[in-house]
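Have a look at the structure that comes next, please.
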Protein chains: 4
Amino acid sequence: MAKSRHAVPDTTIRTLGPAKIGTPLRHPRYVDETRPLKLVMTSEELCELDNETMLLDFEKAGPREKLYFDPPKTKCAIVTCGGLCPGINDVIRAIVMESHYHYGIRTVLGIRNGLRGFIPKYGYDLKELTPQNVSSIHQFGGTILGSSRGPQDPGEIVDSLERMNVNVLFVIGGDGTMRAASAIVDEVERRRRKIAVIGIPKTIDNDINFITRTFGFDTAVEKATEAIQCAHVEATGMDMGIGLVKLMGREAGFIAAQATLAMQEVNFLLVPEEPFAFDGERGLLMAIERRLLHRGHALIVCAEGAGRDLLEESRRTDASGNVRLGDICGLLADRMKAHFAARNLEMNMKFIDPSYIIRSVPANAGDRVYCGFLGQHAVHAAMAGKTGMVVTQIKTSMAHLPLELVTSKRRYLNTDSDYWSSVMEATGQQNYFIAQ
Amino acid sequence: MAKSRHAVPDTTIRTLGPAKIGTPLRHPRYVDETRPLKLVMTSEELCELDNETMLLDFEKAGPREKLYFDPPKTKCAIVTCGGLCPGINDVIRAIVMESHYHYGIRTVLGIRNGLRGFIPKYGYDLKELTPQNVSSIHQFGGTILGSSRGPQDPGEIVDSLERMNVNVLFVIGGDGTMRAASAIVDEVERRRRKIAVIGIPKTIDNDINFITRTFGFDTAVEKATEAIQCAHVEATGMDMGIGLVKLMGREAGFIAAQATLAMQEVNFLLVPEEPFAFDGERGLLMAIERRLLHRGHALIVCAEGAGRDLLEESRRTDASGNVRLGDICGLLADRMKAHFAARNLEMNMKFIDPSYIIRSVPANAGDRVYCGFLGQHAVHAAMAGKTGMVVTQIKTSMAHLPLELVTSKRRYLNTDSDYWSSVMEATGQQNYFIAQ
Amino acid sequence: MAKSRHAVPDTTIRTLGPAKIGTPLRHPRYVDETRPLKLVMTSEELCELDNETMLLDFEKAGPREKLYFDPPKTKCAIVTCGGLCPGINDVIRAIVMESHYHYGIRTVLGIRNGLRGFIPKYGYDLKELTPQNVSSIHQFGGTILGSSRGPQDPGEIVDSLERMNVNVLFVIGGDGTMRAASAIVDEVERRRRKIAVIGIPKTIDNDINFITRTFGFDTAVEKATEAIQCAHVEATGMDMGIGLVKLMGREAGFIAAQATLAMQEVNFLLVPEEPFAFDGERGLLMAIERRLLHRGHALIVCAEGAGRDLLEESRRTDASGNVRLGDICGLLADRMKAHFAARNLEMNMKFIDPSYIIRSVPANAGDRVYCGFLGQHAVHAAMAGKTGMVVTQIKTSMAHLPLELVTSKRRYLNTDSDYWSSVMEATGQQNYFIAQ
Amino acid sequence: MAKSRHAVPDTTIRTLGPAKIGTPLRHPRYVDETRPLKLVMTSEELCELDNETMLLDFEKAGPREKLYFDPPKTKCAIVTCGGLCPGINDVIRAIVMESHYHYGIRTVLGIRNGLRGFIPKYGYDLKELTPQNVSSIHQFGGTILGSSRGPQDPGEIVDSLERMNVNVLFVIGGDGTMRAASAIVDEVERRRRKIAVIGIPKTIDNDINFITRTFGFDTAVEKATEAIQCAHVEATGMDMGIGLVKLMGREAGFIAAQATLAMQEVNFLLVPEEPFAFDGERGLLMAIERRLLHRGHALIVCAEGAGRDLLEESRRTDASGNVRLGDICGLLADRMKAHFAARNLEMNMKFIDPSYIIRSVPANAGDRVYCGFLGQHAVHAAMAGKTGMVVTQIKTSMAHLPLELVTSKRRYLNTDSDYWSSVMEATGQQNYFIAQ
């Protein structure tokens, strides 16, 4: 194995976040520690801190001088869980390449179809991953390993890891998967095994706590803007034209907001974080009407989780049980049709839902670079014997974060931020359509 | 005006189609003819002919030695009607450039929002089109003139043409629009005016009679394949994964079939021209089940007009009046869910409907070339005094076709052709799921 | 093996070409014929015919009722030769899929690195091609088999085919390769072996005789237009800006001409088929100067083989032996610099040479469909026992052509055609810069 | 004018850079200050500090509570200078939209063809910029205003600004342009005029001091990866194939390095910051030979400014004055040919130079978002009366930087960083080919 030219010590990244000066280093645990790291502050306390801009320290990612595992004897495994996201294959590829070429590790196993792949009753084969068979996988969207949703029994998973003699497990997945990874770490510790578990957080919605950029997000936004551009063309192709675009984002509107910034033609943006009202002089419907009468067309982008309260209210009041009401865009379409019909105005709506198109494409160059970093640093961390952590970018540096931090709560759009203010400027949208 | 270097006489293109040798030249009418061309065969007779491969002659497109209109005194107008299609702006641009640079015509008017733009009560302004303001429009999807659906009174339209002193009208639209163009030609003739009306057939579905390639079709197929690739990635990303893609095609499945040939991963293709059955050992649902059990995933492409009989039957038998049943993909999804649930099998379906995305993008290079030809030849035909005709490609040559030919009936996929046979080979699909 | 649903007899495609009515069917030879087909007209005679539009018959491609080879005992091989072209992998994939799924052939061998792969001294391994290992190759440009240039001894090649017990050889390559294929056919016949040799013509330059569309051409044009658009942006980004784009095309300017039609911003197009002069009032340099002074920018597209006479003249007269003169764009750049300097005029030239970028990308949807047809029909032809032929599209149908036809001479742009006339209109270029 | 919902005070962004704690706020000057800001540390001192990670404060960008200029009386001008870069039009658009819709400014003038546009002798017209005429310009690469290189007399420029009654000048350009902007600020101050000058730094090479991300860089990298992928396909398409890609980067190799990270197939990366030797057992040529013999192909990416010492040495020793030697890729190609010929080894090199293709395309989504921020914040800063500054992103926040900071020195790749270490891992390249 080539010795790292650029080994870095366990120094910290000083950054500025919602924590008091003096917050202890947020280092992850080590495989050979007998007890979990005692944090001076729990992650709950940490997350409850106000927004004072103060120093927060994270452990810097990078190769370490001293390896915990002996590479020729180390066996790695990779598992990919949950929904697809651009760049999963890039991360897999980077882990395999780094393990093989940088450390000289001989075996990297691919677990099939998510956590199910550990469970004997599903009967899935392993897939051995080599530099040869992963060399072109980054050209494809999705995951070559397959995925599945939902947890599996940590005991069975660790049984499987032991049977396979795996020393290092890389877990690529969302917040549910990171909780599963925590459970695996606990089970490994309970059994006093020396198995490192390293998470690589994945979410198309970009809503993982502490993690300002998840891989694949930029690519998803790029594809989302194409759908918005098409809706813009459709809306302006007819008099009184409305383009309505639905984008992913059940809990958080990051994709919709960022795509709106990229495609500065959007007039109305609806996200879960910002409630709105249909009715009244200051409601959404009148705002759309004014826009149509004034400019001849309107472009609406709607995150799938927007207006949840309106959906529920609609369900309560609509005894007929219209099935489309499960969907905010269906409700909005119905309400617009009714509104314009009642006012005897023409309206030509074109609805576009790119759905999975934005998440199943290959990663763009920026995401590829990021996925490469994630894979490399995940291997560095594991080989140094760290466990119970994720690799991620904090501001502009790569860092280690204890698993507890990323699973403790979800991240949302801050609608009281400069960012959101720029989004509002981009739409020209007033928030006067919020119910009084 | 520059004299055409390459003027061509009113010769014919000999091609091979469903007509007898000796079928008279299918020349379009001239503006200064007092009577419409008497065809030896009506278009109905022509279309009823069997498929014997015989000679059929069309008038060759191209600049003519003798101009009917005096360019400096000629005023042109362009109108775009119906749904969007990649390349409309390319055609507009080509007409303007050809009129201006090749013939020295000074005025080309853009009619706003389709045929409505002729009708005073809508109050739409005209948009003067110049080489400057159209020079970059081909970079955008849609139509810079706007569009609308439905016919308008031919009398009012010709009133408007007379008020504006328009000598040549270019009409870009689908089969309904071509019928409207015919009505305008008739009204012009009734009034004995000298106004040429030239059609450029547009249909995203490629289903216009006699016209083997409509502009924008290739581009739409290109975009459709991207959606299919995403569905393939999603289907293979989970065990027992099904990718279901809905594509445009109410009456004819050309887009779905061509995209299937381009993306050779499709396992089941459903088009309006080929009926199928859900149930029974040889039905679609069992075929999907066998595919899933055997290969772990399945990819289904469905033209929106497929399975109309199944939709109607479902409406008759389902008293609950499920609203989703208006949509074949909704019905298929429901039936698959029920089928797999009843057989206690897992199934992970991902549905992608690219909808307008495939038609509102800019044209690709191939369509741009074709749109350029269409615009150039439309101007050549008009300046030679022809009217009541469309320009199009017949086999590999540009030709003039009388309007009657393209409006007489619709074109469908020939499911008894080599083409369809190749499509079936590409899917590996047996048509044993057709009801017995 | 599934019997072909749509078997077609050895009928003909009637098309219109430079041949007399009564020209005999141009059917390819059969493997079990003892003598080559005696043509009533040699291909040389055929090619010398004038352009009278008359009937020319080719054999229609498609599955045949009667198979010559017994599929379970048939062994196929594929070899790819010469420069890259978009779609080679699509053709390979289609041959493998058709052989396996449609005919039930068990073995398809991939020959490595072109004809060299047959020659023992190079020591290249074979690559067995299966539906599994070719299923995603169409996503990549290039050829998974590798390629090489130049001929190899036909005797050694047939020795190799015999050693491997190959019954059918598919040869993908340009006109040199098709001549090599002819030599292989002759050697096979001399030895009285039953080996079918089917060619699939490949040329990025689209200059193979009788073949109006070679696969990959559309894709190459698409990429070429991107380079032209960039040069346009650069040219218009500065006052007195010149964008100069070099495109492939040593002997024929098809790519440059088609890309010019697709990107209607080109002002000067230089192709091998149309000579031009630099100097004089009506020469190219003065035309560029007038354009710059009048419009502020100019866009020039130059096929690499244009102006060969000027290069030679320059070589004769320039004793200093400037090495750049091997290249027409270098010469043009030097001459423009000298011209504008001598006239004390500013000039900002930006040169773009996309070179291999246009040929090493994956095929677009249109080319994928075409490559699929080529692969399918190559297998159909071979299984019917045909040999010494190529599959190609003639007008809009798939046909069989004897190898002699495609190798007899090269195809060039017809600069006395409607097509070229449209190209000239697109550029607005006068051919007054041709030397007097 | 709409009052800003989210006005921010002149607070600071605390970040961590090469400065001592206690470094004074790096606020820009104000238009109405009579003297330039006295910095406690000069930018030279600042830049000489070591790399201790300490606090550095920059002024936070954003709308201010108190406006210095009265919007209805404010006249803005925009000038774009130097080479093209993806996103210039996005910045122009954002400035116009922000000025118009957010502040109610009535006039934004576009200066034509860079700083020349201020100079009467060139006679360029102004172009008035409105929301209408900029609404779609972000779809195009380049700059709608045109550009030019080189400085112009600051006195003449300020004369022109006074004649036009311009209050705010936005200057988009590289480091030379930022020095010109400084000279304009000085001249304005000397005349005691109230004209704000705000810079938006532009460089395709990403090499402006203190600015970690310049707009358009991501897009350029994305396009560069396409060229690299093509070279990879070409290199692997022949035995002993070498793909050689030249990328922009005269002084700094950022594009080449980032593209290498994105396309993990690169085997050799040559940048200006890292010298290398051709010869010797540990030189580049032997490393390429070993790679070819071992793997059959090699992929080399070379920034245009790499190996400058080798070029100079070659010039000294090569009396024949080979003109190609002005170019490192030409030299490398010659040396490779000579090396392989001398060792009697085959070598098939394919050279790709995407040149301007990577910089004249439209911005991707990520760059669009960034350009939108830059334009918005430039307007905010100007309206608050700030001058002599640039807007940029520092870490993940938008900030104001005094002009002196960005013009004081150039930024280079730090080859002793984690980033470079990751790049080296991606190539697998050993730096043993550096001369001993």
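The backbone N, Cα and C atoms fix where each Cβ goes, glycine too.
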Taking TrEMBL at its word that A:Arg149, A:Gly150, A:Gly174, A:Asp175, A:Gly176, A:Thr177 bind ATP, choose the one of A:Gly83, A:Gly87, A:Gly241, A:Gly243 listed for that site.
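Among the candidates, TrEMBL records only A:Gly83 at this ATP site.
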Please state which member of A:Glu156, A:Glu304, A:Glu425 TrEMBL lists alongside A:Thr203, A:Ile204, A:Asp205, A:Met248, A:Gly249, A:Arg250, A:Tyr356, A:Ile357, A:Ile358, A:Arg359 for binding substrate.
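Among A:Glu156, A:Glu304, A:Glu425, only A:Glu304 appears alongside A:Thr203, A:Ile204, A:Asp205, A:Met248, A:Gly249, A:Arg250, A:Tyr356, A:Ile357, A:Ile358, A:Arg359 as substrate-binding in TrEMBL.
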Based on the record's binding annotation for ATP (A:Gly83, A:Arg149, A:Gly150, A:Gly174, A:Asp175, A:Gly176, A:Thr177), what whole-number value in Å is the widest Cα to Cα distance?
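Largest pairwise Cα separation, rounded: 12 Å.
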Would you mind reading off the Cα separation of A:Gly176 (ATP binding site) from A:Asp205 (active site, proton acceptor), to the nearest angstrom?
14
To the nearest whole angstrom, state the Cα distance for the pair A:Thr177 (ATP binding site) and A:Asp205 (active site, proton acceptor).
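Here the two Cα atoms lie 15 Å apart.
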At a 10 A cut-off on CB-CB distances, which of the binding-site residues A:Gly83, A:Gly150, A:Gly174, A:Gly176 has the highest count?
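When each Cβ's neighbours within 10 Å are tallied, A:Gly174 tops the list.
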If I restrict to non-local contacts, at least six residues apart, and a C-beta distance under 8 angstroms, what lies near A:Asp175 (ATP binding site) in its own chain?
A:Pro201, A:Thr203, A:Ile208, A:Asn209, A:Val406, A:Thr407, A:Arg410
Could you tell me the C-alpha distance between A:Gly150 (ATP binding site) and A:Asp205 (active site, proton acceptor) in angstrom, no decimals?
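Cα to Cα, A:Gly150 (ATP binding site) and A:Asp205 (active site, proton acceptor) are separated by 18 Å.
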Let's check the environment of A:Asp205 (active site, proton acceptor): how many other CB atoms sit within 10 Å of its CB?
28
I need the neighbours of the ATP site defined by A:Gly83, A:Arg149, A:Gly150, A:Gly174, A:Asp175, A:Gly176, A:Thr177. Which other residues of that chain put their C-beta within 8 angstroms of the C-beta centroid, in sequence order?
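Other same-chain residues near the ATP site: A:Cys81, A:Gly82, A:Gly173.
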Take the C-alpha atoms of A:Gly174 (ATP binding site) and A:Asp205 (active site, proton acceptor) and report the distance between them in angstrom, rounded.
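So the alpha carbons of A:Gly174 (ATP binding site) and A:Asp205 (active site, proton acceptor) sit roughly 10 Å from each other.
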Please give the average pLDDT for the domain 'Phosphofructokinase' (A:75-381) in this predicted model.
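A mean pLDDT of 93 is what the model gives the domain 'Phosphofructokinase' (A:75-381).
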C-alpha of A:Arg149 (ATP binding site) to C-alpha of A:Asp205 (active site, proton acceptor): distance in Å?
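That separation, Cα to Cα, works out to 16 Å.
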A 10 Å Cβ contact count, applied to the binding-site residues A:Arg149, A:Thr177: which residue has the minimum?
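Taking A:Arg149, A:Thr177 as the binding-site residues, the minimal 10 Å Cβ count falls on A:Arg149.
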Let me know the DSSP-derived helix, strand or coil state of A:Arg149 (ATP binding site), please.
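For A:Arg149 (ATP binding site) - judged by DSSP and reduced to three states - the answer is coil.
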Quick one: what's DSSP say for A:Gly176 (ATP binding site), helix, strand or coil?
helix
Give the helix, strand or coil assignment DSSP yields for A:Gly83 (ATP binding site).
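A:Gly83 (ATP binding site) sits in coil per DSSP, no helix or strand.
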